[in-house]
């Protein structure tokens, strides 16, 4: 019934596209008029549009004419004219939606339409790509159009100076990678002046490969970190012990990706730990003093049994480097958190880098939701449309192709074993190679791609291998995958964003010759050669894409298929599967193997059966649903931190912008003075209950006040009068500092102290939230909702953080001393710039350089003294306590607050 209705009325997508086609006629009707304009008149249209906007017109009022102007400019400058379907894509992007356009349909050119239109407001447009190569390529090629129309273009890549970045972000249109944008946002919110920041306020972003950025990478936060204590020796010892465990000592579940020790394993490992003198002979692994070892053992177990070299990570130049499971690319600088990366380093016997504490972090989910207007484009988004709508409020519209798709997608071939599957793939590759048909073979890991490469080498079939180990050559290799007799092996979607043209990509071949002085004479020769090869390739059947396994996500499979058949080109795709494949082995029904044998599957024979195809699709849907729930759950928890992050960042910006910090200083002084007095002189209490001795100690600790006991000798004195006296004494101390150092210097010092204190308590708060998050799921066993509990406790921690901020800020202001001999006007700024220079960012836990500050306003940037989980603190060993909040109960279990016990002299 539903299919009949769809045929009668069309899908919602069909109706949207039909409506947009009616909009295109209005743009097309302007084309003859725009074509008659001279270059100068065409350029002046930008000035005219800006003037209209200044006088109250909206972007929609000038949309049709602006699109027509961009189309004509692209034709004159680049020799490319936007097709009608590309205009539709531009309209979808301008309306803040995601456009799904097949590979080769010219998404890069589509982005010029909404980018130009929205840049006319002067608020900036960000065009976001997945790597530096694409950002540089697109800004250079499309920048010609923008420059022709009088708009400025910037490009952000890794390694640029702040000055260069600031100029690029101030351009009308900025091309940048998602990683650099996120890190620049975090870095900006760690700077000490508005002038040092590089980003402008958020306006409009167009995300290329939007599914990769908003879905595949959504679970990995951007993190700026600093080191905690060095435990490399312990990681090495634990690794040595875990290597001695045998089958039966632990159980693992590949489906749920979990691993744990059995009772037998616990007994065995306790014996090994005792032999290495890591635990006492008479103690157990789960005794209180040994609980921290459980974490190290679990991570070592995961490293040895759940993570494989050349599949999940590479070892290069003495470093463990993570491989992106979706793209097969090395994720430069990214490190696994919670000690897993250190466990992998111990496993691979490379230098173990320190664990790190989070200083700042954000997920792409929350970063991109900062933009008032967001849009994106990709070749595969429909399968993820519900998630994109639910999380980002982005609708997906599939745009029809300019030319009809002639690619043939063949049925999957299923074999009993991996060897039989590879034999069939090899047979097909040989056949295609002999006929000259180019082949692109997609694998799911570096290990599999190198395995297949060795098979082809034995058969003496020349080929190119494209994986994370050779990512520098990625774009060039993939661009030439359509040449006559080309055989290319690629991990998943390596090279995404680069078109595979039948016969080869002439532009990239010409680029390779650019260093040769005689290259111009060879251009015509190259173009003629490519044209000849294209004819041969089309006769051979176009690009044949072979999938060696099904991915967990249907979308990744569709992306691989989409490499063939661009712009109406012929082509074929086919997946080869075996019962040994991970998806079949872990997720598909166990009945499949029996069914295949029943159907008479013989060695070397393939089988096609609808039930198997359905089972595979259900397995993929199950995994996709599971991953979606993980991302959605991550967002629910991250939203709690995001709300707090917004408050802190807004407060930090206000502090930086403020010309006077005295209001906050005075109000906080009064608040703390009242709080301290009432703590030791409770309202309504008798004089004999007043603790004047400890009141004096606390006032000196916080305000550096020498309290006069005679103030309380009067019989009729009240706590209000004492509070007023304390506030006045604090005010006098501050005034004396002002007289000694100057008002301007004190103002700068107070602002700097406030910012550094805010950064310190926020850093500690992030650490507390990390620990809270790690164990919060266990609340479910107590019939409590983990999310509700996390929200409640995170709020309490946030309030405690604000209390700590006030106390530390006031304490520092009233106690600090400046050595005027060494103070320069720019000292504060210079110290912070040095700090920023030594700071590193990554997708997870980068190293953080030690830094010793100069002699003015001493800044202690030693490795972070981190907060320790209370259950891991030894009451008799203060060195095991880590950082303790002054308002916490003292870990020695005296029952007193830390600030009145062991922290009294801290």
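Glycine too: its Cβ is placed from the backbone N, Cα and C atoms.
If you look up Swiss-Prot, you'll see 86, 104, 105, 106, 107, 108, 499 marked as ATP binding site, on the strength of sequence analysis. Following the DSSP three-state reduction, the secondary structure of residue 105 (ATP binding site) is coil. Around the Cβ of residue 105 (ATP binding site), the same chain contributes 85, 86, 89, 379, 399, 401, 402, 566, 567, each under 8 angstroms and 6 or more positions distant in sequence.
Residues annotated as Zn(2+) binding site in Swiss-Prot: 890, 892, 901, 902. Taken residue by residue with DSSP, residue 892 (Zn(2+) binding site) is part of neither helix nor strand, so it is coil.
For 865-885, the entry in Swiss-Prot reads region 'Disordered'.
Those residues of the chain, other than 86, 104, 105, 106, 107, 108, 499, with a C-beta within 8 angstroms of the mean position of the ATP site C-beta atoms are 101, 103, 109, 110. Candidate binding-site residues: 890, 892, 901, 902. Nearest to residue 107 (ATP binding site) by Cα distance: 890. Geometry remark: residue 108 (ATP binding site) versus residue 892 (Zn(2+) binding site), CA distance 63 Å. Each of the binding-site residues 86, 108 was scored by the number of other CB atoms within 10 Å of its CB, and the largest score is that of 86. Under the three-state DSSP scheme, residue 901 (Zn(2+) binding site) falls in the coil class.
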